[in-house]
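Below is one structure, written out as structure tokens, with a few remarks after it.
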Amino acid sequence: MSPFGSPGGSLLWLFSRSLGKYLLTLCGGVSTLMSEPLSMSPEKPKRRREKVLIGLLLFLVVVLTSVEIHLVQRGGHPFTGSLLVFGLLNLNAILFLLFTFLVFRHLTKLFLERRARVFGSRLRTRLVLTFISLALIPTLFMFFIAWQLISSRLEYQWDNLVGDTLEQTLALGQVFSEGLQDKLKAVGNLALRELEAKGGLEGRDPAKVNARLTELVRSYRLAGLEVVTQAGEKIAQSLPSEPGGGAEVSLPSLRADQLSQGGFHRQRASRGIILSLALPLKGSGGNPLAYLVAHQLIPGPLLRQVMETEGQAKKVRSSQLLLRPVRVSHYLTLIIVTLLTLMAAIWLAFYMARELTTPIRQLAEGALKVAGGDFDFHIDQEGKDEIGFLVKSFNRMTQELQASRAQLAQALSRLEKSLAEQEAQKRYMEILLKNVAAGVIGLDPEGRITNINDSAAHILRVKREEVLGQPARALLPPGEHPQLVEFAAEARLAGRTLERPLHLTYPDKTLYLLLKATALKDDAGQDLGLVVVFEDLTELEQAQRLAAWREVARRIAHEVKNPLTPIKLAAQRLRRRYLGKIGDDGQVFEECTRIISDQVDEIKNLVNEFARFARLPQLTLTPQDLNTLVQEALALYQEVQPRVSLEFHPDPDLPPVPVDREQLKRALQNLVDNALAAIKDTGIITLTVKGDPASDRVRLEVADTGSGIPPRDKVRVFEPYFSTKRGGTGLGLAIVHSIVVGHEGRIRVEDNEPQGSRFIIELPMRREGYGSHDTCS
């Protein structure tokens, strides 16, 4: 059964239910579309559909509310009016619930976005709360005022105006009806008493009875008087004939049951309503013999006015039953309008907040994308307000950034190509400088080091990373005169290439360098710095000096050796011939000749040393086991000096090394001889053999715990004829140096810990070919 309780209400309920289902389906589609992620292209159609739905709901609610108010004001049938009003109220409630669903869907979505910390949700929440507050306060204020006005208005209308009018109208009709009935009853009783007083109708002349009835009709302005039997037969009748009694009318006849019942009866006539009163006319026995019927005419206009007044009174009385539903209807209408206003304000708040925050959110997303390098981002939503101008500016900015990025990409491509070419040139120069044997140093105009190749760092004994950016003085040994700095300044002032030798003294070695400096200038003549190229001529100078000393030794040996034998023979001859002839001085003569012979032998031994130094044999390289070679060299010194201990540390993994067995053994023996001479009392001489596969070299060390070598003598210890020993020739270490150099090796001297000296020989482990090598080369 429908909630309206009638077939018409059932149809209205079915219609509202179908409309509600359709609107809910449409709302669901809009909700699904609006629940999708934010995008640029589908946003406008979704908003347009939502606006259409909201506008349709507002239009339907306004139209239905107007119809309700019109029906209430118009009136009509009470039941039908109440049915339509309540039906429209229910339909309004359905539309309102649908509108409320849309609003609360927005509230839920905003809550979820704020909980998920979606960008812009906080600003949207503040805007929504602000708009709702601005709409809520005046709406609630107007609601309470309208509630009071409706309540007081209805109470005043029904209690004062309608109630008084209703009572007066009903009283007026009642008085008019009772007056007519009293008049008709009085006249009827008067006529009835006259007839009964004269014996009734028995024996009376009908003409006289009619005359009396006519007189009564004329006097009381009746419509007529009749005497009828119980069967309804008329005995006497009197109708008005004068203008005062009105025109003659056709009187209706009463039925037998109406006559017997008595009382007043109303019957419709051509000119109005006939009010009839039947009074029994009794006989002597008290039984009714006939009936006296009095008729009174109620004119049509007056009757209609009275009947309309009574109808309106009855309608008002029936409408009093709907006072409470009407009040409820007004209150519901007010509540619906108020809530609709609030919901519309809330929806408008969401709409305005979304219109404000969506571009800001898109701008923020665009800013993040642009910050991430995506310059293709474009915002479709544009307007004519300040936010639209901001969106247009953002789109124009992204377009300009995209164009700038394209130009920058082209410039970057050209720059990368140029840098690649420069890097290739730089790499080529680095490879070239790295593989060149000469040292190369780059100086800026302030004299700071801008570049240095590996050869220069190795020769000058510095680390490339430590000296870059430092003044040129950092390349010199501590305490060395700044010759390099002065030479660089001179070359910069000269503006041309200068060449000069340079000697650098280190604790263990003196370097002989040949410097070439060239000032660098650009096309405009600006000073770009200086490039210094130098060659290490230390070994060349040592070889030249060694060759010179060998030539000197060869000449000394040749020139000195020839007269030594005659001198010795002459001394021996003088001794044999004159020793016996000299008396007291014979002993002195013998001692002098002996000294001459001994010194000649010493000079001859020295000349032989010179000759051996001058004519070192050629090296014959063959693969040798250095461990065995060292042991053989040490075997000659076993128990020679018991106070000196000899230790040997071989390398069992060392492969055969190409060396000249006899020459290398001679070099080791010279080193051991020097070590024995350096040990005064007791000490230790340690020989170590160690291979280094990484550098492809083998290392021989001879360390002693003797007196050591002063730092000032380390740079000259390998020079010919330099010796710190009394009676030494100064050729032992020079020969060792020549043998090592002949093996393409290196030799240096270091301090031993805790005391003494350490001679380190480094030889190549592999050579391209074996054969004879001149030790002078």
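Cβ coordinates come from backbone N, Cα and C, glycine included.
Given the structure is predicted, the values throughout are model-derived calculations rather than measurements.
The coiled coil annotation in TrEMBL covers 394-425. What TrEMBL lists as domain 'HAMP' is 354-406. Taken from TrEMBL, the feature domain 'PAS' applies to 425-496. According to TrEMBL, the domain 'PAC' annotation covers 496-549. What TrEMBL records for 555-767 is domain 'Histidine kinase'. Marked as transmembrane segment by TrEMBL: 20-40, 52-71, 83-104, 125-150, 331-353.
The domain 'PAS' (425-496): residue composition by secondary structure is 38 helix, 11 strand, 23 coil, according to DSSP. Helix, strand and coil residue tallies for the domain 'HAMP' (354-406), in that order: 39 helix, 0 strand, 14 coil [DSSP]. Averaged across the domain 'PAS' (425-496), pLDDT for the predicted model comes to 82.
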